[in-house]
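Before any comments, here is the structure.
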Amino acid sequence: MAAEAGDGNPQPGRRPRSRLIVRLGALVVARSVLVSVVCCIAGSIAFLLLPVLAKNTYVSENALMPGSANPMFSSHDVLEANRFLKEIIDRGSAKVTGTEIAKLIGQHVVDVGAELYYHKFHPHGNQFHPIHFFSSITSTMEMQYNSSCTLFGLNSVGIIRAPRGDGKEAIVLVTPYNSQNIGQSEALSLGLAFSIFSLLSRVTWLAKDIVWLAADSRYGEYTAVDSWLKDYHNPSFLSNSGKIGTGVCFEENILHLLDQLKVKGPRYNIFKRAGTMAAALVFKVIDKNEKEERDSLTIYAEASNGQMPNLDLINIVHYLAVHRQGLRVKIGSVHSLLKAAWLKFVGEMVHLFGKLTKHLNPKWKIDITSAEYVEGTATLASSIYYQALGVPTGSHGAFRDYQVDAITLELSPRFSLNNENNRSAFLLRGGRLIEGVIRSINNLLEKFHQSFFLYFLTAPHKFVSVGVYMIPFALLIAPLPIVAAALFSGNDSLGVSTEKVNQEPGCIGSSDAELRSGSWKWLQAAKVVFMIHLWAIIVSLLPYMLSQFPFMTPITLLLVWAALSICTLLIFYLIFGACSTHCGWELLKSVMIAAASIGLSLMSVINFSTAQIGAMLIVPMCLLVQPLRKQMQAGVCRKAVLVICNLTLAVVGFPPVALLIAKGLCEGFGKAGVGAFWELAQLLWSWNSATYLYLLWIHLPCWVLCFHILLYPCIGRSSKA
């Protein structure tokens with residue numbers, strides 16, 4: 001008997017004891033409603049507490065050593081910048097062609113002993129093509145053959161070879177300017193850039209090559225920089241001896257154009273390269289109307305599809321700007337949230353909670369004022385929005401497509417640029433700031449890698465790391481697989497007979513074999529979900545066909561797109577509609593939730609901000625949706641709450657409405673209109689934003705399926721979920 005008792009095999013007639021993890025999983029599934037409520041509330045609270053959990057920024061890489069050397073940029077360089085500024089203004093007032101500014105820049109580059117060449121490019125097409133997602137906007141060959149030879153820009157590029165370097169690494173400085181209509185701010189940007197470039201041509205401490213790109217932004221800042229980067233990283237072997245532009249346009253050959261410039265320098269028609277780009281700085285001067293107490297610096301860091309530069313690059317700029325040059329550093333914020341009464345109330349509650357926790361345990365430091373919380377939330381919302389939009393906030397985004405850390409710096413003086421004394425002091429601060437950043441990057445022995453690449457900014461000196469902001473997202477989507485399992489197990493465990501199903505009003509009867517087979521019912525629900533996702537893919541490709549028709553207004557294009565989408569959906573329902581009623585709404589909801597969970601998880605890898613915003617809309621919509629007929633059977637209060645919540649989520653969760661609300665909150669509702677969604681969708685697809693695919697491949701099918709469940713013809717059976 002003892003041997004039998006100690007035997008690991010179960011005794012006859014006794015049920016084997018299930019493992020602890022299985023019993024725990026069964027308990028969680030059985031209490032799916034409670035788990036969902038707790039997780040959603042906890043996720044929402046954790047998301048609101050992100051500004052409280054933000055940490056102060058710090059320089060992780062010790063080799064950067066910002067501010068460790070005295071700046072060499074002096075008043076002599078300021079005088080040189082002012083002289084260059086006056087020359088550009090004189091050329092601009094004479095209403096000369098755009099190539100005259102390039103000639104002036106090139107001549108000064110040659111005079112300081114640097115290498116010079118000109119880069120000719122054509123404007124990019126702004127047309128959607130499904131193959132171009134997650135790749136370059138347009139291929140070089142397509143751009144060359146489809147562009148008119150009379151439409152081109154001309155970048156001026158100067159290269160300083162580092163006296164202490166081996167030519168394997170380079171730092172890129174970018175100054176955009178409009179060659180057709182150059183203003184005082186752009187002329188001042190060029191003057192500041194040339195004075196820095198001239199200083200760097202004389203120093204002996206350079207270990208990395210310096211590339212100065214004077215980007216001709218007549219067709220957009222991004223186009224000029226992106227075209228140069230394409231040619232830099234993808235050399236063309238169609239021309240002879242590496243000469244640029246030969247064989248592209250016979251009637252407007254680049255060699256004939258450059259001969260007209262008459263710059264004193266050898267081989268300025270040869271595309272030259274430096275080493276691998278360690279970092280890039282895009283800087284420009286902006287003369288804003290509103291005046292402030294100090295000169296200000298605005299940092300733009302968001303690139304395509306939520307990519308961000310290494311946080312150390314922002315940290316050294318912030319440190320040098322604040323502690324060395326006395327500049328006021330700013331980043332974007334949602335101005336509408338700064339005045340929101342509800343956010344101020346939440347800030348007061350957080351402040352009181354911080355005081356309470358400090359009395360309970362002095363080590364818990366949650367001391368944040370209401371004003372700091374509101375400002376941090378507004379900045380966090382802006383950071384999330386522009387990352388989720390997937391559109392770069394400046395030409396620095398072109399560098400991130402090649403895994404080069406880059407940011408855009410906008411310098412704004414506190415006084416008018418016409419005052420020469422104030423302008424000289426402003427140039428001195430700006431020049432020393434750029435020199436200090438270049439010195440720090442020059443000290444690096446390897447690429448930026450120590451600090452964070454995934455983060456949100458709540459202030460110029462505060463950030464939320466990926467390990468913190470993943471918690472609200474994980475809590476939000478945690479109920480989805482649990483509810484899906486509860487619905488699936490609850491539907492299978494009901495064991496509904498054929499007679500009961502046939503008695504339900506509005507249902508199409510099924511065979512005995514189909515109802516006895518749970519897997520068959522699951523496949524029926526999967527067919528419906530697959531049908532809707534297939535329809536969504538077709539809808540996402542329709543704009544490509546519509547964009548082939550010229551002279552159509554955005555409103556007309558949007559209406560045609562909507563009409564074609566609805567007609568296609570009706571055709572799909574006519575073909576596959578029968579299977580949508582064979583399965584119960586519980587199984588359909590279970591498969592829909594599983595698909596939404598997988599889609600959000602995949603999107604969090606591509607663009608986390610999009611997944612976070614999408615989860616805040618999709619998760620409540622998926623959890624609360626039930627057939628309206630079933631909701632009408634509940635009590636009066638519960639029925640009213642369910643109907644109001646479902647209809648509200650159905651309106652707000654509609655992708656065009658959700659996108660326009662997000663854009664209106666962050667950028668203002670002034671431009672919101674019927675055709676605004678088409679323009680916004682066109683913006684997303686022209687920039688290859690993954691948000692466009694998310695909206696139409698994940699969010700839209702989920703919304704349609706929720707609407708399908710709302711109008712489900714059967715009175716659904718009760719479910720544990």
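The backbone N, Cα and C atoms fix where each Cβ goes, and this holds for glycine too.
Because TrEMBL annotations are produced automatically, they should be read as predictions rather than curated entries.
Per TrEMBL, the feature transmembrane segment maps to 24-50 (among others). Proximity of distant same-chain residues to the transmembrane segment (24-50), defined by a Cβ-Cβ separation under 8 Å and at least 6 residues beyond the stretch ends, is recorded for 346, 350, 377, 380, 456, 458, 464, 468-469, 471-476, 478-479, 482-483, 485-486, 489, 612, 616, 619-620, 623, 720-721.
Long-range Cβ contacts of the transmembrane segment (466-488) within its own chain (Cβ-Cβ under 8 Å, at least 6 residues beyond either end) map to 28-30, 32, 35-36, 39-40, 42-44, 46-47, 50, 53, 452, 454-456, 522, 586-587, 589-591, 593-594, 596-597, 600-601, 604, 608, 611-612, 615-616, 619, 622-623, 719-721. The annotation transmembrane segment is assigned in TrEMBL to 466-488 (among others).
Per TrEMBL, the feature transmembrane segment maps to 525-545 (among others).
Per TrEMBL, the feature transmembrane segment maps to 551-575 (among others).
Residues or ranges marked as transmembrane segment in TrEMBL: 587-606 (among others). Below 8 angstroms of C-beta separation, residues 305-306, 473, 477, 480-481, 483-485, 487-488, 491, 521-522, 524-526, 528-529, 533, 580, 612, 614-615, 618, 622, 625, 690, 694, 697-698, 701-702, 705-706, 708-709, 712 of the same chain, each at least six residues beyond the ends of the transmembrane segment (587-606), sit close to that stretch.
According to TrEMBL, the transmembrane segment annotation covers 612-628 (among others).
Here TrEMBL flags 640-662 (among others) as transmembrane segment.
Long-range Cβ contacts of the transmembrane segment (692-715) within its own chain (Cβ-Cβ under 8 Å, at least 6 residues beyond either end) map to 133, 390, 504-507, 528-529, 532-533, 535-537, 539-540, 569, 580-581, 584-585, 588-589, 592, 595-596, 599-600, 603, 607, 610-611, 614, 617-618, 621-622, 625-630, 633, 646, 649-650, 653-655, 658-659, 681, 684-685. Feature annotation from TrEMBL assigns transmembrane segment to 692-715 (among others).
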Long-range neighbours of the transmembrane segment (612-628), counting only residues six or more past its ends (CB under 8 A): 36, 40, 47, 384, 388, 469, 472-473, 476-477, 479-480, 483, 585, 589, 592-593, 596, 600, 603-604, 642-643, 645-646, 649-650, 652-653, 658, 662, 694, 698-699, 702-703, 706, 709-712, 714-716
